[in-house]
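Colleague: TrEMBL lists GLU71, ASP86, ILE88, ASP89, ASP212 with the feature Mg(2+) binding site.
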Amino acid sequence: MVGSLEARLARAVEVAREAGVVLRERFGHREARAYVMKGSQDFLTEVDGEIETLVSGLLQTSFPDDGIIGEEHGATGRLDGVWVIDPIDGTSNFARGIAHFCISIAYVAGGEPVVGVIYDPIKDDLFAAATGLGATLNGERMQVSAATDIRAASIECGWSMRRPVADYIALCGRVMERGGGLYRCGSGALGVAYVAAGRLDAYVELHINAWDVLAGVVLVREAGGVTNDFMGEGGLLGGAPILACALGLAAVLQDITGLRLPVHD
Ligand code: IPD
């Protein structure tokens, strides 16, 4: 790997902020909100493509040997030592003028995500982490919540049409039966970042793509939380389930979701 982890983290932060300037400028404009549908509840705006081109171009200029996987333009180059980019996570919110979306940038090396940067340009929230270097929100160290009681927990359950609706209904039902507070805010990347920051106690979704969650996985692990083995389940190219949570909820959420967490193997 040419260039250190620190260099990649620092560059990803700069690139996310640069892309954020463009995204903030476009947000709310009528023409930026126009979308086409890739499938049921799956939206694409012109700005998604514009931001992805900007982010991947900047990263490739800095690290020409690295591969790129982007939500809109697919994979180029190597698949280990690869940047994984979601130009707008929460596109449905962006297209409706709802200020809850972000840019997500992860770097994968040795088969695991090792750098994660998520930037919400409207709230100016910059979440950043690299393996062994800790996790920060706007430069301040962040930590998952100390939650242990699901009856006081805030849990986001994302969903898409990629899995049977009945499976999501059953999952949400199990969370509610145990007294968990259910959220669905429309950005998986921000949902997982909020777990790292202790704003939410858990994020779960039965199938999600790598660009939506890999940056968040680094954030949560570095903030003292746990996630399932997203990469081990083939998540880089095919997507996989995600469960990211505070340590104190690991046992109950493993039971509810059937997903394995490392602390309870
Ligand atoms: C979607 C969002 C949503 C999640 C979906 C994702 P997009 O990504 O993260 O919250 O539930 O699974 O596909 O389309 O906004 O990049």
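Using the three backbone atoms N, Cα and C, a Cβ is placed for every residue, glycine included.
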Colleague: Quick check on the binding-site residues: of GLU71, ASP86, ASP89, ASP212, whose CB has the lowest count of neighbouring CB atoms inside 10 Å?
Modeller: GLU71
Colleague: For ASP212 (Mg(2+) binding site), just give me the three-state DSSP call.
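Modeller: Going by the DSSP assignment, ASP212 (Mg(2+) binding site) falls within a helical segment, counted as helix.
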Colleague: Quick one: which residues besides GLU71, ASP86, ILE88, ASP89, ASP212 have a Cβ within 8 Å of the Mg(2+) site's Cβ centroid, in sequence order?
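Modeller: Other same-chain residues with Cβ inside the cutoff are ASP48, ILE85, PRO87, GLY90, THR91, CYS102, ILE103, SER104, SER187, GLY188, ALA189, ASN209, TRP211.
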